[in-house]
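Taken from TrEMBL, the feature transmembrane segment covers 83-105, 114-131, 143-161, 255-277, 297-321. Per TrEMBL, domain 'Palmitoyltransferase DHHC' is recorded for 209-336.
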Amino acid sequence: MKWEKLKPPDPDEPMCCCGCDIYQYSCCCDCEDLDEAFNSWLKEKTPSCGLQSPVFGTMINNLEISMIPALLLLPLLLRAASLHYLLGIIILTALPGLVLSYYYATHRRKRRTLFFLALALYSLAYMYYLFITEILPRGDVSPLQMCVVTTGMILTIVSLIHTKRGPGFVADSLHEARMDAEDHTNHSDGSIQLAAPEKTRKQAPTTKWTLCPLCKIMRPPRAGHCRTCGSCVQRLDHHCVWINSCVGQANHRSFLQTVCVFVLTSVYGISLVLRSLCPCQYLVTALFYCPGVYSQPSTALCFTCCWYSSIITVGLVYLLVAQVLNISFNVTGREAQLALRNKKAQSRLWGLVVDTGEHSRGFYQNWVEFLTMKDSSVSFHSSPTDLV
């Protein structure tokens, strides 16, 4: 008898239904055999020109065939929602649940996935395509306004690429470089061994390096281990599934910039579309009442996409407000979760921010620290494949 199959799975690795003989639905296994077969088929078909870039090669290696149906169904669902306003309410209300259900059914065993990143980029490209093909020919958008929307799109992509360059992973050489720097400072300034100020002595416990129980490496203060990426990240805030990367010390500013640029571009684009579809209505009321918008399929589709974009924008506005408040109190998302779990913090502003009181030095100094912090890792340059 094979006792290996009776071993319990690791806590971080859910057991596949193929690993148990008594599972009655083993024929419906959702493991990654289909993705691996599709990846192997793509790898065998090398390009004839031989000019494959590293980024494109990594995208091919990480391609997931199971996310293609979701990308194909999105425009179909939006067109179905534009047939009638009641049908639009039902589909747009159920759309988040449908996306999450499909994700858990096809990608729940994947630690890192391009599903949400591909869905976000595809939605952004599809909204921009409809704006060019349906709204621009109506003549209500000036060339300057079109340039503003296009510039916002480009800045969003550029900021996203910069965010994807890495959150600032902790390496073994980071602690060694810090110890060497301290030894060099102690030897060069050996004569200056005065008593530390009281403020510095109080901050000494917060600057102690700790050993990660999973990575088995020394990590700096405020660093955390991401189970999704499998590495420790400097000043870890959270793991964002929408960019398929962690948000840490090296990319937190660019992440905040990406969210800000996207929100501004989305709000401006929605206002232009509503002005074109409902010129006689105010912007706030036009989103809820726009007479005659369902008389033509093109205008109904654009109006439905305005609602779709508004739902996404509202979620990002909430994320942006939470990020700004956390930065103002000098607390990360990981630190807030740990403080609430250990009951060592208090919630403020209706639960939008968790004040731990450990690193806050005032509103101004907190923002100065955030805007001037640098990636202290040894490897400053990322490979093009890290963008995927």
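Including glycine, each Cβ sits where the backbone N, Cα and C put it.
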Subject >> Within-chain partners of the transmembrane segment (83-105) [C-beta distance under 8 Å, separation at least 6 from its ends] >> reply: 30, 69-70, 77, 115-116, 119, 294, 300, 304, 307-308, 311
Original post:
Same chain, outside the transmembrane segment (143-161) by at least 6, Cβ under 8 Å from its Cβ: which residues?
Top reply: 124, 128, 131, 136, 243, 254, 257-258, 261-262, 264-265, 268-269, 272, 387
Original post:
Do you know the DSSP helix, strand and coil residue counts for the domain 'Palmitoyltransferase DHHC' (209-336)?
Top reply: 69 helix, 16 strand, 43 coil
